[in-house]
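Below you'll find the structure, written out as structure tokens, and then a few comments.
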Amino acid sequence: MKWEHSIKDFLTYSRLERSLADNTIKAYRRDLEKLITWLTEHEISQSPIHITTDTIRDYIYELAKNVSARSQARALSSLKAFFNYLILEDYRKDNPLELIESPKIGRKLPDTLSTSEIDSLINSIDRSTPQGERNRAILETLYGCGLRVSELITLKISDLFFEEGFIKVTGKGDKQRFIPIGEFTINVINLYRDEIRCHIPIKPQHTDTLFLNRRGAGLTRAMIFHIIKELKIKAGITKKISPHTFRHSFATHLLENGADLRSIQMMLGHESITTTEIYMHVDRAHLTKIMEKHHPRA
């Protein structure tokens, strides 16, 4: 079996059967092509079926000299997924990376906004313009529902179940979930939909898209980043923020106010609880500040 054919089959399987994101597919391809380049440079002719753990160890050793621990971990993850696919298809009986440990990576705590900072951002919006009311609805939806920016820009009017108090979101891998939405956020979205959106000449392919630009087309990720960047400057906030900061703030504020981790996991659409557990570290930092501020022996 040749590398090129097996990689092509693996990427097709990852895209069609596992519904992985395009960025993940591209990362898999890059990592596997780097391995092939290294094998060629070192005149190693082992096929995907016959490559050994020792060969992989030598490759990772060379890789570690030039890339960060995070990049090493990603490369290992790509290779493990590839060889697991070969096992699934009965081309191999073992994964040559099974005994190779990923480097330990310090997890960066997510940046969050305080409620007063979120209020400052929203209050800096010029609501005298149609775009202002739309931008207010965008920020309230990001913070009120903890959406990814990709989920926000693909949100449809038919996804709004306001009478039941939920919205339907299509997340990574086209997986759908229902998220509760508060009355305040519902009112803000209704104001935009009923007073602003209804006056926009909507393009035929975007009749069901909730958030539109002034020409009646859907918004892009870059547009959302630009909106938040401008509001950050107007509000005088110096910390680095992005649309994802509102998602982090959503989860952190829920945890600080007593929500359980499992419920937050479901609302965020995390497959693994370990992904959500990073917010426990943020909450501990919050509790430490409370202790230092209020305890007589702190």
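Cβ coordinates come from backbone N, Cα and C, glycine included.
Annotated features, as they stand in TrEMBL:
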DOMAIN    1-87  domain 'Core-binding (CB)'
DOMAIN    108-292  domain 'Tyr recombinase'
ACT_SITE  ARG148  active site
ACT_SITE  LYS172  active site
ACT_SITE  HIS244  active site
ACT_SITE  ARG247  active site
ACT_SITE  HIS270  active site
ACT_SITE  TYR279  active site, O-(3'-phospho-DNA)-tyrosine intermediate
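Positions of TrEMBL features highlighted on the structure.
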{"residue": "ARG148", "record": "active site", "DSSP class": "coil"}
{"residue": "LYS172", "record": "active site", "DSSP class": "helix"}
{"residue": "HIS244", "record": "active site", "DSSP class": "helix"}
{"residue": "HIS270", "record": "active site", "DSSP class": "coil"}
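Put plainly, the active-site residues ARG148, LYS172, HIS244, ARG247, HIS270 were compared by Cβ crowding within 10 Å, and the winner is ARG247. Of ARG148, LYS172, HIS270, all annotated as active-site residues, the residue with the shortest Cα distance to HIS244 (active site) is ARG148. Each residue in the domain 'Core-binding (CB)' (1-87) has a pLDDT score, and their mean in this model is 91.
Counting residues per DSSP class in helix, strand and coil order gives 65 helix, 0 strand, 22 coil for the domain 'Core-binding (CB)' (1-87). Of all the active-site residues listed here (ARG148, LYS172, ARG247), LYS172 has the Cα closest to the Cα of HIS270 (active site). Looking at LYS172 (active site) and ARG148 (active site), their Cα atoms lie 9 Å from each other.
The two recorded residues ARG148 (active site) and ARG247 (active site) have their Cα atoms spaced 7 Å from each other.
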